[in-house]
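Undergrad: This is the structure I want to talk about, given as structure tokens.
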Amino acid sequence: MRMLLHLSILTLACVWTFAVEIPMHTVVKETLIQLSTHRALLTSNETVRLPVPTHKNHQLCIGEIFRGLDILKNQTVRGGTVETLFQNLSLIKKYIDRQKEKCGEERRRTRQFLDYLQEFLGVMGTEWTMEH
């Protein structure tokens with residue numbers, strides 16, 4: 001009995017370690033596949049209205065995206081493989097929230113701020129969709 005308990009704890013630790021070590025790009029890729037697979041199920045209730053950001057820079061609309069996901073999750077029959085989709089989306093949200101915590105500010109020299117600003121503007125100029 002004691003050996004069974006030790007094996008159960010060891011198995012749980014291994015599963016937890018594996019889950020923690022999955023790279024986020026793998027989770028995102030898997031979630032995109034699941035979303036495509038379950039699209040018909042997710043769109044079966046056309047009376048549900050979800051917030052869809054009008055802005056094309058998705059990184060600015062994260063809050064709206066996850067509010068819509070919460071509504072969709074509450075309107076969808078639970079269980080089966082669609083549950084994995086929502087678990088992955090939850091992992092992605094937690095990852096984004098952890099990354100946002102890194103936005104905390106720190107007092108630095110003007111040169112360091114300008115370096116950061118230049119990098120930010122470079123990303124904005126190449127990765128953001130600019131509206132006219």
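Glycine is no exception: its Cβ is also placed from the backbone N, Cα and C atoms.
Note that the coordinates shown come from a computational prediction; the quantities given were computed from them, not determined experimentally.
Dumping what Swiss-Prot says about this protein:
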SIGNAL    1-19  signal peptide
CARBOHYD  Asn45  N-linked glycosylation site
CARBOHYD  Asn74  N-linked glycosylation site
CARBOHYD  Asn88  N-linked glycosylation site
Undergrad: Using a Cβ-Cβ cut-off under 8 angstroms and a sequence gap of six or more, which residues of the chain neighbour Asn88 (N-linked glycosylation site)?
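TA: Within the chain, Asn88 (N-linked glycosylation site) has Cβ neighbours under 8 Å at Val27, Glu30, Thr31, Gln34.
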Undergrad: With H, G and I counted as helix, E and B as strand and the rest as coil, say where DSSP puts Asn74 (N-linked glycosylation site).
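TA: Its secondary structure by DSSP: helix.
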Undergrad: Cβ-Cβ under 8 Å from Asn45 (N-linked glycosylation site), same chain, 6 or more residues apart: which ones?
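TA: Sequence-distant Cβ neighbours: Gln75.
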